[in-house]
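The block underneath contains the structure these notes are about, expressed in structure tokens.
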Amino acid sequence: MTMPLPSLPPATPPVTQPAPAIAMRGLAKRFADKVAVNGISLDVPAGSFYGLVGPNGAGKTTALSMVTGLLRPDAGQVWVHGADVWADPRAAKAMMGVLADGVRLFDRLTGRQLVTYAGLLRGMDRDTVAARAGDLLHVLGLEESAGKLVVDYSAGMAKKIALATALIHAPRVLVLDEPFEAVDPVSAASIRGILADYVAHGGTVVVSSHVMDLVQRMCSHVAVIAGGNLLAAGTVDAVRAGGSLEDRFVELVGGGSATGGLSWLHTS
Amino acid sequence: MVAHLLRLKAILLRNGFRRSPWQLVGVAAAGLYGLFLVALLFMGLFYLGGTDPGFAAAVLVPAVSAAVLGWALLPVLATGVDLTLDPARFTTFTVRPWELVAGLLLSGFIGVPGLVTLFLFAGQALAWRQVPAAAAVAVPCGVLAAVLCLALARLTTTAASALTASRRFRDAAAVLLIVPLLGLGPVLTVVVAGFEDALGWLPRAAAVLGWTPLGSFAAVPADVAAGSWGTAAVRLALSLAYLAAVVGLWKRTLERALETPREGPRGGRTASGLGAFARFPATPWGAVAARCLAYWRRDPRYAVAILAVPLVPAMMWVVAVQAGSTALMLWTGPIVAVLLAFSISADVSYDSTAFALHATSGIRGVHDRLGRVAACAVFALPAVLAAAVLPPVLLGEARLLPGVAGLSLGALASGFGVASVASARFTYAVPPPGESPFKNPPGAGMRMVVVQLATMWVMGLLLLPPLALLVAHLVTGNAAFGWAGLVAGPALGAVLLVAGVRLGGRWFDARVPELMQATVLNR
């Protein structure tokens, strides 16, 4: 059973109680002749651990870019705890921690400098930044590499330092695009621990991922996106409807029937 | 396979156009320029055809040698004219080496420089049209010489790639290589000055170069024209041997590169502490300044701009000595000021997609602008002061000091203002972080040139008042103009700086997502 999609009239600030951490209404983006996001409306309840899943090219990154203020939508609106991202970006951005996918880091800084930079950019005072940067580097296992230039980091380490830059200002909402990509299992486990703790204490997390299993275990809610459309959204239990999330996902998105067709690949 | 690689190169080129129409404009402009060059040089070749064959050889052999040398060296300096078909990308495919060699080699002809070289070299036949046999020989020799150019370029870049794989080496080399490049201008003027004697030494140079790999192909038709068929045969055999050696060597280095794919060396320097972050105020603009300063120190793309500071006076001195007037040195201060201020006009483009951190943090545009200016000012201010004060004092023209200093400081401040506006609005494709400062994305040229020229022009226009005062001082000899310049320059500069940072900040605030997407597109 899929939860019915929220069908509030567009352009009205959400009135549901309590106010959702993120509310999207009719969010749409077109690149040249390709519709990347086709009018998505979605509420992310405060205190939820929200998974955003979809095949490659589904529009996950595009949608998240419009939520985080990196990409101006063609139509639609986004609110973060009531602040309109596109009318009052500074208020909305102050509440969000963002891990964008596929962007560079200021990698000629050392790890500690990069995290400090992110804190100071947000207008935090020096002592708080120093203390939190130390904590983050410690928890993420980057203490030894804190003095190395980020350009010399491995992909997984770079992902972790980028996560630290998203956490430093203690945001109310975390938007993480593919946070577990290239991260080793041990680090992934510690990141999951950090995020679970964050949610348990009132924070809201939105993650995009390809890994259904991870989303099913980790998230409280999930939204399935394909071809720029929202196919299903709700609690993980409601969306998977008794089956595994992976099966439900394949069923929703379609495809996946063409297994076992490559007989020439059988070497024996 | 060879056809496959050629098609791949053509497709990559075409798809580049789809990504950005500016790239198409850039390639079209390069193509037009190439056509113009070809037409001009063809006329030259035609003219040579009407002269004495000995003279034609004396011109053609050194000219071809210079072109071949350029092909061998320039790609290394620029870390690869063209890495769209980087051999390292074929590591995982089992392509037979000879096919890869031939494919990569010939793919060099798909592109403006390769085509222009091919046409010009084959066009040498025009210069030998009075001796049909020589003209007939000139065409294949020219084509082979063009192939030699491409092979040499591949050989030198592949051989150097082992060295350039290390980030530290790349950073250092990129900065050091600008010295000879910038020095090229003065050297050329010296060479041109000695051109009158050229007729004396050119034939001798041609005779020597004709036996080296650089010029041997070009010398074959000359032998034929002179009727010495024996020499021609020997020289042709030698040339073919050279070509085979270069291609063979390249194939070996290529094979080695394919068998042991290069891996980025790890490690590198570590630094404890926060560096500049501890010294600047703990505010958003202070953080931006500290970060930019770290980049000025560690990113070769910025280091190139810093290196220009000592080089400008050096070049001015060479020019001044040749012109016989040291007065030119007085302009060192203003020129250094404009160059340094201009260097932050592409700052957002240089950030590349790392700019996402600024975009998601919601930093105010004014703070972003101010931080970038502050970082540059930290070293630009002392450098400009030195460049403005030293020349008048050392030249015993201390009376001009106020006017020159006023103009220089005004140039720096107003330049910063203009740059703050430009980098908030006009992004263009720049070499990505970690790449050579000289490796511009193909076809990026047009938009870059337009933006840079416009920025420079605006900077120049805004400098007219203090400039006029300095000129008035020079013409009338009335020191009051100089002192007026000392006041007017910095005052006007300060106003323009504040206005520029404000306007740039407002544009920045309004266009953060557009700036972000521009960096994504330029990636």
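Glycine is treated like the rest: Cβ placed from N, Cα and C.
Annotations in TrEMBL come from automatic prediction, not curation.
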Transmembrane segment range according to TrEMBL, out of B:255-283, B:400-428:
B:400-428
Can you name the far-off residues of the same chain, 6+ from the ends of the transmembrane segment (B:328-350), with a Cβ under 8 Å from a Cβ of it?
292, 295, 299, 301-302, 305, 308-309, 312-313, 316-317, 319-320, 372-373, 376, 380, 383-384, 387-389, 391-392, 395, 397, 400, 404-405, 407-409, 411-416, 418-420, 422-424, 427-430, 433, 452, 455-456, 459-460, 463, 467, 515, 518-519, 522
With CB pairs under 8 Å as the measure, which of the listed stretches B:54-77, B:133-153, B:370-394, B:449-475 comes out on top against the transmembrane segment (B:21-48)?
B:54-77
Under 8 Å, at least 3 Cβ pairs, sequence separation 6 or more: does that hold for the transmembrane segment (B:400-428) versus the transmembrane segment (B:449-475)?
yes
